[in-house]
Structures are given as C-alpha cells and as structure tokens.
Amino acid sequence: MAAKMFYDRDVSLSPIENKLIAIIGYGSQAHAHAQNLRDTGLNVVVGLREGSASRAKAEQAGLRVASIEDATREADVVMLLIPDENQPKVYEESVAPHLTEGKALAFGHGFNVHFGRIKPPAGVDVFLVAPKGPGHMLRRVYADGAGMPGIFAVAQDASGQARDIALAYARGIGCTRAGVLETTFKEETETDLFGEQSVLCGGVTSLIQAGFETLVEAGYQPEIAYFETLHEVKLIVDLIYEKGFEGMRHSISNTAEFGDYVTGPRMVTEQTKAEMKNVLSDIQTGKFAERFIQDAESGFPFMNEQRGKMRDHQLETVGKELRDMMPFISKKELEV
C-alpha cells in the first residue's frame, strides 16, 4: 500500500491561525521555520536565552524575540529547535514550568522523546514536523513559492486535534506545497539516525576518504584524487536526486556504468550490509543514543578528537585550496 501524501489542498491552517507559535532557537532549521510561519500569516515569537548571538539576526528578520520562558508562557504551540543534546536541560529549566495543559509541544526530530530524555506532561499535545532538507533550503524554496517535502508524527494527542495541528504547522512552513508523509516518533528517529550514520554522513565520508587515500598512496596527485573521489560526488548525487539510479546511469558513459555494475558489489558487500544491521540494532536499542549523550555530557571529547583529525587530513587541506579556486561554489548558502 502506497504511503499517503498530504498537500495544501488536504490541510487547513485553522487549527493554528489564532494561536501563538514559539520557535525555541534560531539556528539552521529554526530561522526557516520562524520566517516561513510568519510569511504564511501566522503569529510567531522566537524564544532565545539571554545574551544569545542570534537575537540580532531574528530581530533584523522582523521577528519578535523573547526569553525562552516568556515565549513558552505566551505560546499555544512550542517548537523546540535547538540541538538534541541541549534540549533536555532547556526543556526542564525553561519550557516545562510554563507548558500548561492545552498547549502543544513540537519537535523537528524525535530523538529526545523517543529515547525518554524528555517526558511531556499528559495534558499537552506532542508532535514533530521534519522537513527533509537543510534550513537554508527550506527558506529558499518557500520564498520562491515552492516547498520542501517533510514528515510529521504525533506522539501524544491530548486535545484530540494534535494531528490537525501538526499538519497545519507543516503547511505553515511550506512542506505541504511539496507533500508530507505521516510517520511515528520511533520510525522518524531510528530511520533518520540510520540514514545519517550508514549512508549520508558516515557512509559517504568514509567511502570518499578511503578512495582518496587509496589514490594518493598509489602515487597519484592529491588534487586529481580530490576531483575523482570527492568533487564529482555532487554531479552523480544530483543526477540520482533528480532522476533516480536509472536516470543517472543513462546520463553517464558506458564505461562508468559498466564499472558501476562490476565494482559496486565489491565495495558494498554482504558483510557491509550485515554491519549496517548492527548499526541499526545499536540505534534501536538506544546504544548509540547512550554513547552520544555520554560524549555530549563530557564536553564531546570523542567528537572533538575526530574533528581535529579530519581538519588536518590531506583531503581537507587540498580540498580547501581547490574550493577557493571555484567561484561557482556559493559559501553564503551554507551559512546558518
């Protein structure tokens, strides 16, 4: 059975038209949510901690800014869009005391609710809306009159209207222009983490790095290795993004396509897939979440060590030099 997509024609804004929506945070996703909701004609306040460097940015965008406590106290819908590791503390100290019965608590990712790090009270609605793309792109496509696909889920329906509120919110940020799918907090959290770790971030970067190192160790110029293993990834991914595997293979040379079929299975073997299942198991059991939380609470020693190693890697130093020679690469669009 095909999943049902919800579009503008299926969704009414009425469940949130006369409500105040508090966006907690003003980072990559939060700035896009706040501005899109505002431009849809909805009432928005941005909640920021005292002294936040983001206050000026939000005010320059024409948004009203308040403390997290005041924003939560005033709002009917509270969307928590700060980093996962910071959410529980901010929630307990600044949100929970003002999250009275009848309000709605929302998330862009189900991590903290699914793993029990945030436990909302019984009298509030709890939902998530997750656009499937970065914040700067969510804002850009909205401003262009289009939308970004997304997903939504309801974890707690205290009012009997949580699903309608979630869908209305998705419409408010422009996602129903492209279509949204219904999911659960469990499914969103586990599949999102798995995709990031095994394919999108961990898988892709490890594959690129191994390919680059293989060529350089064999005596090839690092600059050539960079082009062949990293730079051209975007060209192929864009084709897959627009046309799928078949369309991509139709667009490349016969030599490249033949090599795809012959060598792909040597790179991603049954052993690789078995390890992917282990990765998924670590996510499902909460093992990954526990490791992430421990590192975060210790000041990220492991993650900072890995960042330092990669910062000094030849792939990064050569890449920076080459990218500086490419005026067609826009640095501004990647800023948050």
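Using the three backbone atoms N, Cα and C, a Cβ is placed for every residue, glycine included.
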Candidate sharing the NADP(+) site with Tyr26, Gly27, Ser28, Gln29, Arg49, Ser52, Ser54, Asp84, Glu85, Asn86, Gln87 (per Swiss-Prot), from Gly116, Gly123, Gly133, Gly135:
Gly135
From the binding-site residues Tyr26, Arg49, Gln87, pick the residue whose C-alpha lies nearest to the C-alpha of Glu232 (Mg(2+) 2 binding site).
Tyr26
Report, in whole Å, the straight Cα-to-Cα distance of His109 (active site) from Arg49 (NADP(+) binding site).
21
In which DSSP state, out of helix, strand and coil, do we find Gln87 (NADP(+) binding site)?
helix
Closest of the recorded positions to Glu196 (Mg(2+) 1 binding site), Cα to Cα, picking from Tyr26, Ser28, Gln87, His109?
His109
